[in-house]
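Q: What follows is a structure written as structure tokens; I'll ask about it next.
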Amino acid sequence: MISIKAVLLDAERQQHQNEKLRLCMWKLRDIFYDAEDVIDDFKCEALRKQDAINHPNINNLKVRVLGSFRLPLSFSLKIAHKIKDINGRLGELATEWNSFGLRQCNDSRHVFCRETISFVDSSDVIGRDEDKENIISMLMKPSEDRNVPVIPVVGIGGLGKTTLAQFVYNDDRVTSLFPLKIWICVSEEFDLSRLLKLIIQSVNKGERCDDSTLDALQARLRSLLNDKKFLIVLDDVWNENQAKWVELRNFLRSTNGFSPSKIIVTTRSLKVASIMSSIPPYILEGLPLEDCLTLFTKWAFNDGDERHYPNLIRIGEEIVKKCKGVPLAVRTLGSLLFQKTDESDWIYIRESEIWRLEQHENDILPVLKLSYNHLPSHLQRCFAFLSLYKKDEIYYSDRVIRLWMANGLLEHPKQNQEWEDVGKRYLNELLSRCLIQMEYDFGLYFNFKMHDLVHDLALDVSQKECKTVNSKTETVDENVRHLLSCEQKLVEVPRVLEEMKNVRTLIIQDVSKASINESLINLCVSNFKYLRALALRRSPLRALPNCIGTLKHLRDLDLAHCGGIQKLPSSFDKLRSLQSLNLEGSGLKLLPDSVQRLIELRHLEMTVEAKHLKEIRAGCWTSLQYLRLGWCKELECLPEGMQYLKSLRTLVLVFCHKLVSLPRSLKFLTKLEHLEIKYCQKINLEMEVEEEEDKDLQLSLKTFSLLELNALRDLPRLLLQGSSSTLQQLQICWCPNLSVLPARLLNLTSLHKLEIVGCIKLSAQLEGIERLTNLTELTIHGCPELSKRYRENAGKDWHKIAHIQPEHPFLLLFASIV
């Protein structure tokens with residue numbers, strides 16, 4: 001499998017020039033998936049044996065005696081047959097595969113980018129006047145930086161970054177401001193020697209310096225640029241290696257001293273922008289609809305002809321809306337319709353997905369695809385998976401990461417990391433490359449969106465693996481692995497699903513009939529033997545069938561807000577591979593003991609109607625990272641045995657109205673990093689420190705949030721003392737009976753964010769707050785006495801917090817009462 005994976009990397013790079021190779025690659029990928037399933041069969045068998053050892057009974061006495069030394073004969077025979085079949089298929093493919101001369105290689109990306117030039121006809125640039133003025137004002141702004149100031153322009157492919165740079169470059173004011181202008185198309189290869197030669201040749205046209213050493217290049221560059229005021233545009237930069245940029249920056253600095261020269265950089269990556277510049281990047285937005293219509297008309301008609309076709313203009317307005325403000329997409333679709341006056345041609349473009357339309361090298365999809373090609377292979381698979389959501393849908397980072405985990409798309413964590421950390425790193429990469437856009441950061445997770453055109457790109461690259469199906473779907477490739485079914489009026493299971501066997505992910509949305517959901521689950525059990533993720537959020541389902549226990553590969557089961565489910569089937573403990581289980585908003589009466597047998601479980605969210613939860617036994621839930629109890633309105637206390645959750649990193653308690661306290665056993669959760677308690681009306685968090693017993697307590701809490709706790713009168717001193725060197729964020733909001741903050745609050749040496757909102761009885765000053773030297777963000781709002789004391793430049797104690805140096809830079813101090 002390792003060898004296949006390495007060769008597939010080379011095949012992916014070459015497939016675009018060779019259709020035969022592309023087809024062969026997908027055959028090999030299917031074999032690779034089947035091999036993964038065989039490996040997973042072994043994992044499932046190992047878990048079955050481990051469970052039998054952990055929970056012995058008369059029926060598995062043999063397993064206890066034999067331990068892990070022997071596999072059942074039936075399992076061995078079945079697996080042997082599968083391995084033989086896979087080897088046979090590889091043998092059949094080998095001759096054809098070897099003819100392509102592929103090699104095993106590492107995962108370094110190479111992107112072939114187009115050349116750009118500095119000239120643009122200003123009459124061709126539509127809707128960018130304001131952006132041009134903004135950039136020019138930045139160029140005119142004086143700088144005292146000893147490095148040449150860099151202005152990064154960032155946005156997705158096709159948004160017009162290069163066009164904007166050209167528009168600025170050719171403005172008369174810029175020409176008079178910078179006597180020397182240099183345009184360099186950097187593209188993929190950020191090589192110092194190459195860039196220096198390009199700069200020299202741009203300044204001194206025709207000069208040849210192919211064989212020059214770096215020293216010679218530097219000397220020549222110094223002679224050309226010395227004491228000159230210049231503007232350099234570095235267009236289309238992909239380099240994320242800081243050392244390479246620092247080399248070029250130092251060369252430019254050595255030639256120019258402190259002269260007021262400037263650099264403009266265009267890039268698709270926020271990471272590139274942060275490496276090259278200390279100022280915030282200029283984020284280029286899409287064009288307004290009116291400007292897009294003007295641009296579309298320019299490319300779809302000869303000058304003035306549009307007046308003769310009002311019917312086409314009406315259709316064109318709908319076509320333009322699909323482009324979501326991206327000029328290159330508007331130009332691409334306009335070009336496809338140039339000199340076409342048959343209404344049916346326009347309707348075809350309007351009704352078609354952009355990714356299905358034929359396009360040329362410099363059209364929108366090929367240009368966007370450069371961003372995909374530049375991703376490492378593990379990120380390419382994760383990005384493609386995001387096509388399994390509807391356009392304009394809000395993605396939730398934690399759910400996406402769990403689906404990636406379920407499907408084995410994440411690299412193995414490094415030391416002191418967890419799988420969830422790897423998933424967060426992947427999402428941050430996609431954010432930095434502008435392939436997704438964050439909507440709101442909730443702290444423990446964030447939600448994000450994907451531009452429609454980027455979603456089209458995801459659909460294009462995932463079409464062999466991901467598919468959205470409904471009652472109108474007639475055919476689906478039998479090797480599709482991931483399915484989304486979303487149709488509110490679905491009256492029967494789409495027939496195409498009955499022919500599929502290899503499905504790993506099934507997400508069911510908006511299906512309102514309980515009988516359809518039951519049929520889909522039965523289909524999963526009968527057909528989708530290797531199903532790894534099943535999402536049935538807000539389903540009218542009333543019960544899970546007992547046969548669900550046969551889905552031994554299932555890792556992610558999402559039953560959130562399935563209020564009709566009141567109990568789990570007896571076979572539930574057979575889901576031994578389960579990593580994530582969401583039962584929040586269910587009608588569950590109690591959580592059965594069998595759930596504690598799921599030793600792979602890492603993420604558990606649940607709602608139960610019971611007053612008490614079963615005691616957590618030693619050896620159970622040893623992998624649990626995240627526990628959320630939500631809407632447990634009758635729950636009076638957390639379960640006994642919390643100290644056994646040694647891996648727990650996040651604990652969230654929400655709308656547990658009768659919960660009155662936290663157990664002292666939380667002090668044994670030394671890996672707990674995040675604690676959120678919200679809307680728990682009766683909870684009192686008094687947890688006193690016992691001097692002898694707790695004097696050496698070392699916890700790992702990083703974030704602590706308290707929201708709308710009416711009975712709260714004190715903070716848990718035990719947790720604050722144990723986390724004095726680790727706590728970074730403390731949020732206390734709408735706790736009307738909290739009147740004093742403990743003195744230990746001022747021992748939180750790592751605290752950088754403190755938020756106190758709506759605590760109307762809190763009146764005592766924050767004595768010693770000046771000792772919180774790492775504090776960079778302080779919010780005081782809806783606390784009349786505190787707000788008065790710390791009012792900026794006017795409050796009695798303002799001087800005690802005036803030292804705070806915000807990171808971004810903002811210091812929030814509100815005196816108003818909401």
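Every residue gets a Cβ built from N, Cα and C, even glycine.
TrEMBL annotations: computationally assigned, not manually curated.
As listed in TrEMBL for this protein:
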- 3-51: domain 'Disease resistance N-terminal' (DOMAIN)
- 129-303: domain 'NB-ARC' (DOMAIN)
- 388-458: domain 'Disease resistance protein winged helix' (DOMAIN)
- 523-732: domain 'Disease resistance R13L4/SHOC-2-like LRR' (DOMAIN)
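Help me picture where these features are in the structure shown.
A: Within the domain 'Disease resistance N-terminal' (3-51), the DSSP-based counts of helix, strand and coil residues read 48 helix, 0 strand, 1 coil.
Here the domain 'NB-ARC' (129-303) has a mean pLDDT of 93 out of 100.
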Q: Between the stretches 3-51, 129-303, 388-458, which wins on the count of C-beta pairs under 8 angstroms to the domain 'Disease resistance R13L4/SHOC-2-like LRR' (523-732)?
A: 388-458
Q: For a three-state summary based on DSSP, what are the helix, strand and coil counts in the domain 'Disease resistance protein winged helix' (388-458)?
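A: Helix/strand/coil tally for the domain 'Disease resistance protein winged helix' (388-458): 32 helix, 11 strand, 28 coil.
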